[in-house]
Amino acid sequence: MIPSAARVAALALSLTGLASGTLYQNAESLPKATNYDFIIVGGGAGGTVVANRLTENPRTKVLLIEAGSSDFNNLDIEVPSFAPRLGRTQFDWNFTTLGQPGLNGRSIEYQRGFVLGGSTAVNIMAYCRGSKDDYDRWAEVTGDEGWSWNSLQPYIRKIENPVAPADHHNTQGEIDLSVHGHGGPVNFSLPGQLLPTDQRVIGASLELSTEFPFNLDYNSGDTIGIGWTQTTTSNGHRVDAANSYLAPVLSRSNLDILVNTLVTKVVQTGTQRGGEPIFRGVEFASSSSGARFTRSASQEVILSAGAIKTPQILMLSGIGDSSHLSSLGVKTIVNVPDVGTNLQDHPLSTISWTVRSTNTLDNVRTNETLAAELLQQWNSSRTGDLVLGPGNQLGWLRLPNNASIFKQAADPSAGPTSAHYEFIPTDSFVSFSQPFPSQGNFFTMFSNLISPSSRGNITLNSTDPFAHPLIQPNMLSTEFDIFTMREAIKAARRFMSAQSWSDWIIEETSPTSAAQTDEEIEEYIRSTCFTVNHVTCTAPMGRTGSNGRGSGALNSDLTVKGTIGLRVVDASAFPFIPAAHTQVPTYILAERAADMIKSGF
Ligand SMILES: Cc1cc2nc3c(=O)[nH]c(=O)nc-3n(C[C@H](O)[C@H](O)[C@H](O)COP(=O)(O)OP(=O)(O)OC[C@H]3O[C@@H](n4cnc5c(N)ncnc54)[C@H](O)[C@@H]3O)c2cc1C
Ligand SMILES: *[C@@H]1O[C@H](CO)[C@@H](O)[C@H](O)[C@H]1NC(C)=O
Ligand SMILES: *[C@@H]1O[C@H](CO)[C@@H](O)[C@H](O)[C@H]1NC(C)=O
Ligand SMILES: *[C@@H]1O[C@H](CO)[C@@H](O)[C@H](O)[C@H]1NC(C)=O
Ligand SMILES: *[C@@H]1O[C@H](CO)[C@@H](O)[C@H](O)[C@H]1NC(C)=O
Ligand SMILES: *[C@@H]1O[C@H](CO)[C@@H](O)[C@H](O)[C@H]1NC(C)=O
Ligand SMILES: *[C@@H]1O[C@H](CO)[C@@H](O)[C@H](O)[C@H]1NC(C)=O
Ligand SMILES: *[C@@H]1O[C@H](CO)[C@@H](O)[C@H](O)[C@H]1NC(C)=O
């Protein structure tokens, strides 16, 4: 770890210098006299978009409250390839799941960002919108055509700004710029350093094009195939919700940001004539033993605390399943059975091979001299291996239509443009079960289940808002899910057997190589698989007006069912997880949400 004190100090100066009083470091310092139109809880992918868009109107006064710090310019956040260092640090909530029956009872670390920028400040930066079918399914289940792929196009394009890769290589044939917007706050780029494996991945796709077709741009609406990775990186550094949506608007005098402060619940501030409770208040504190403060918004409270904390806050506030709430002695104010249910995530597995080359990214890990040189290179020119995010290509793939599983299970994918599983080809060793070898050169294929049918949940363990809720992702709890993970491993072996790899790959390493029969592969997956950290769907939107279990926790405009003045704008609100990494779908949801809020204001 090399935190740069100078950089941190410079940031603190710029944050406080731009508009004095805008950034408050603790709850005590927030002026009592300020009246807010909106209070946003959580400064991650959802909350920053809403804070940015609502304060475009200078007459709208907004308070954004973030539990983590404002230290988003930390070197470990900025350097793209340092992303794997961020778990279990000051930037992590340090969640752990319950033992998962589908993973042989294992509990796993469940990372979430604890800093302005939220999980976008700690993620692995894959830039993926999801597919046309993913959004068309959202429109169908909510009865709201505004969530369809076509209707969302203005928001999808408004987010983004394609920029040159760090090495300024010619990107012809790697992206279809005609499907992208430009001039938006989120810069993204193609891989900033080319690798010897790149043309082998593309070559294998051309060679085995029936099963692994090349796709010029997986963000076109049709994701299927192998294509070049787009990442939230710009000029060799990470782009997150804090430096894209927040930093440029910190000088707005109508935006106040309070960090290091946990919202402990939302507070009922009145009752509407029809009897519906109004929730325009929030309670917050800077430490578990510290004073509790309350503030209310004249218009709305917007929960953007992410898919673990948003349902916890709702439940602590008396909004949730009444039988669950009463089991903890929480008085139910609104019975919304779907709060905390419907959790969806993407399980992740790996296979590695030894390779004939000595030139792989493993060297950055095994050779300290090289690592120091690369850091110096990054520091002086923002180039070199450290600008890289996940693999330089991604693959989005479907099971064949005649796969035997479809005789017993419905297809959980949204449709033909959504993948069942994803490949992330990687030029080094990665494993969730084995230590890094101290020497050697490797290739790894991550495969992850991108259209899962398993469902988990978030429940309360305690009424203490500073305690973690119980997190049960319940991964690989259906036949479809384990079948597809198994088929993904077999597909990875077929992909790597292409001629294109013959001069590179030596052999598959243990322990996967020992897994040959379906039973052995299944056991390998259940005993080693991890997560892509895409927890979502825990306060799902549904049809406006419909009530009861399975009808959603939110109306299709993201207001919480049975309440007035309270909305959820984050990845909790997805009804189904998109067949994609989930930051861009959160930005998309939040851009439309901000427009809905503004038009009703
Ligand atoms: C390790 C990792 C890797 C990932 N890789 C990728 C990837 O490569 N590509 C991709 O697209 N997605 C990736 N994701 C997922 C993506 O980052 C998330 O889906 C997205 O950030 C979700 O946005 P959100 O607004 O729902 O929550 P977040 O971005 O997590 O924001 C929630 C914010 O609320 C704050 N908060 C929570 N509770 C409170 C409270 N009570 N009071 C005040 N503030 C609170 C949190 O500190 C946080 O800042 C990854 C995530 C992780 C953790
Ligand atoms: C998570 O753990 C790290 C390492 O122990 C610690 O520094 C950090 O403060 C913890 N995060 C939170 C939110 O408590
Ligand atoms: C995005 O790119 C533009 C140039 O196109 C640059 O001015 C801006 O600082 C970049 N933003 C981030 C967050 O990197
Ligand atoms: C480690 O990296 C340095 C700098 O690139 C290089 O000179 C050296 O040969 C490398 N060491 C090994 C063992 O490969
Ligand atoms: C980056 O370069 C600056 C200026 O040359 C130097 O002060 C700083 O220590 C360097 N940081 C790292 C992490 O190398
Ligand atoms: C599916 O169809 C392909 C091509 O027609 C065939 O080779 C394969 O055996 C079939 N698989 C199953 C499970 O029926
Ligand atoms: C949460 O999920 C677990 C495991 O599937 C289940 O046993 C439990 O009943 C669920 N709890 C609630 C409140 O839905
Ligand atoms: C749930 O609460 C109990 C009692 O406080 C505690 O011992 C336990 O560790 C908690 N469980 C989890 C998963 O946090």
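Using N, Cα and C of the backbone, Cβ positions are placed for all residues, glycine too.
Keep in mind it's a predicted model, so treat the numbers as computed, not measured.
The signal peptide feature in TrEMBL is assigned to 1-21. Taken from TrEMBL, the feature FAD binding site covers V115, V263. According to TrEMBL, the feature domain 'Glucose-methanol-choline oxidoreductase N-terminal' maps to 306-320. For H534, the entry in TrEMBL reads active site, proton donor. TrEMBL lists H581 with the feature active site, proton acceptor.
V115 (FAD binding site) sits 18 Å from the residue listed as 'active site, proton donor', taking the C-alpha atoms as the reference points. Cβ-based neighbour count (10 Å, all protein chains) for V115 (FAD binding site) stands at 28. Within 10 Å of the C-beta of the residue listed as 'active site, proton acceptor' we count 27 further C-beta atoms, all protein chains included. V263 (FAD binding site) carries a strand DSSP state (E or B). DSSP assigns H534 (active site, proton donor) to coil in the three-state reduction, placing it in neither a helix nor a strand. Using a 10 Å radius centred on the Cβ of V263 (FAD binding site) and all shown protein chains, the other Cβ atoms total 26. Under the DSSP three-state reduction, H581 (active site, proton acceptor) is assigned to coil, being neither helix nor strand. Note on the domain 'Glucose-methanol-choline oxidoreductase N-terminal' (306-320): DSSP counts are 11 helix, 2 strand, 2 coil. V263 (FAD binding site) sits 23 Å from the residue listed as 'active site, proton donor', taking the Cα positions as reference. Here H534 (active site, proton donor) is positioned 7 angstrom away from the residue listed as 'active site, proton acceptor', judged by their C-alpha atoms.
Using a 10 Å Cβ-Cβ cutoff, H534 (active site, proton donor) registers 27 neighbours. Confidence in the domain 'Glucose-methanol-choline oxidoreductase N-terminal' (306-320), given as mean pLDDT, stands at 99.
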